[in-house]
Amino acid sequence: MLLKPGNKLVSPETSHHRDSASNSSNHKCQQQKPRKDKQKQVEQNTKKIEEHQIKSESTLLISNHNVNMSSQSNNSESTSTNNSSKPHTGGDIRWDAVNSLKSRGIKLGISDFRVLKRLGYGDIGSVYLVELKGANPTTYFAMKVMDKASLVSRNKLLRAQTEREILSQLDHPFLPTLYSHFETDKFYCLVMEFCSGGNLYSLRQKQPNKCFTEDAARFFASEVLLALEYLHMLGIVYRDLKPENVLVRDDGHIMLSDFDLSLRCSVNPTLVKSFNGGGTTGIIDDNAAVQGCYQPSAFFPRMLQSSKKNRKSKSDFDGSLPELMAEPTNVKSMSFVGTHEYLAPEIIKNEGHGSAVDWWTFGIFIYELLHGATPFKGQGNKATLYNVIGQPLRFPEYSQVSSTAKDLIKGLLVKEPQNRIAYKRGATEIKQHPFFEGVNWALIRGETPPHLPEPVDFSCYVKKEKESLPPAATEKKSKMFDEANKSGSDPDYIVFEYF
């Protein structure tokens with residue numbers, strides 16, 4: 001896709017129309033006086049510099065390939081994605097291993113992997129640590145296995161297909177890479193990256209007082225925010241953010257997981273000129289948060305006026321760059337999906353919801369990282385849902401969290417989605433909050449994570465066996481998958497489809 005400042009993202013097929021309009025405008029400019037021609041040239045040079053800068057800062061947001069949003073049909077054969085279309089995974093040994101087998105005419109299937117350990121389970125499947133046979137060096141993956149019969153009987157086949165299609169689109173350092181997917185007579189299988197650091201929920205449990213420091217929480221929240229921003233650029237509403245779904249890679253950086261609840265919709269990303277604001281930091285006092293849902297004063301849209309009469313010089317913009325914004329607001333899902341403690345009010349009230357639910361869950365997420373618990377948890381699930389709807393946001397009396405962190409959480413946990421931070425301007429608005437001051441968004445992958453996982457000793461999982469499993473062993477593996485998928489039910493995980 002082509003990125004044009006001040007305009008929507010446009011495909012190569014339609015970009016020439018905009019170029020034609022630009023050429024017509026330039027022709028008119030040639031009829032003006034020389035002084036205006038010189039001024040126009042200065043403005044064009046400035047614009048080119050800004051385009052170059054924003055392109056650099058947008059590297060983590062949008063891949064340089066077209067996104068195919070069309071639905072894909074099931075393929076009974078193995079499918080692996082060409083790593084040339086995944087720029088951020090260059091030099092990945094997992095791709096080398098997969099492509100090496102593919103170059104020899106091998107179509108990956110379940111028999112090409114040695115199952116080492118069950119890592120966890122979700123609502124529609126279980127995840128296993130697996131080793132790719134015949135790979136040199138030895139290569140490990142996480143394989144999500146979903147039972148076909150169970151998906152059909154529970155009316156969740158579409159969710160499994162949606163997850164696979166979404167994973168096939170993703171190309172981002174904080175999102176999963178789908179190396180291959182295939183199916184057998186009984187199972188759908190997704191082959192992804194194995195994250196040796198576990199998830200943020202388990203890591204939080206190991207921290208003093210079971211909560212992260214503010215610096216650590218800021219680091220993890222920053223990377224999650226970039227992942228959500230990228231998803232929204234693709235027209236994907238995540239809908240399942242919680243620490244359990246934020247995995248920690250072996251380098252300490254994060255990866256979002258589980259996309260079976262995600263919602264896809266159309267989206268129109270745009271570049272909008274921003275102006276540097278000044279004045280107050282927009283801190284809200286606790287009384288205001290209790291009395292109602294207020295939007296922090298630090299967050300007001302900063303739009304570029306399109307009138308030519310009001311053009312400003314370069315100095316007037318104070319070096320600010322265009323903002324890339326994309327909020328898929330043209331969707332109103334009626335699905336009741338998610339985890340009780342993270343459900344947004346509009347989901348519970350069945351009012352229809354869009355991308356703003358991700359910003360609500362982002363607020364709950366930050367609150368839990370800093371306090372070790374979610375803000376609306378009740379004695380039971382019904383009490384929790386009631387608290388989300390009817391109780392104001394409160395912070396613990398002993399809370400040592402800074403006022404800027406509280407202010408961000410208050411803005412995110414506004415019960416009316418239209419008044420919530422980022423409802424119109426998305427992650428761009430959140431990035432400018434004082435809580436994230438000092439974060440270098442373009443270079444965050446180079447930052448030192450607050451926690452580095454211990455190296456995994458895979459030898460304790462590897463069992464001595466032949467390269468080719470006999471039929472009896474294959475049947476044993478199939479039964480193991482059956483039992484694991486049948487037991488994968490989470491009582492705190494609810495999914496009700498109204499339509």
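Every residue gets a Cβ built from N, Cα and C, even glycine.
Residues L119, G120, Y121, G122, D123, I124, G125, S126, V127 are recorded by Swiss-Prot as ATP binders, and the candidate that the same record lists for that site, out of K102, K144, K148, K186, is K144.
If you take every residue in the domain 'AGC-kinase C-terminal' (437-499) and average the pLDDT, you get 64. A Cα-Cα distance of 19 Å separates L119 (ATP binding site) from D240 (active site, proton acceptor). Residues L119, G120, Y121, G122, D123, I124, G125, S126, V127, K144 are the ones the record ties to ATP, and the longest Cα gap between any two of them is 14 Å. Summary for the recorded positions D123, D240: the Cβ-based neighbour count within 10 Å is maximal at D240. Across the structure, V127 (ATP binding site) and D240 (active site, proton acceptor) place their CA atoms 17 angstrom apart.
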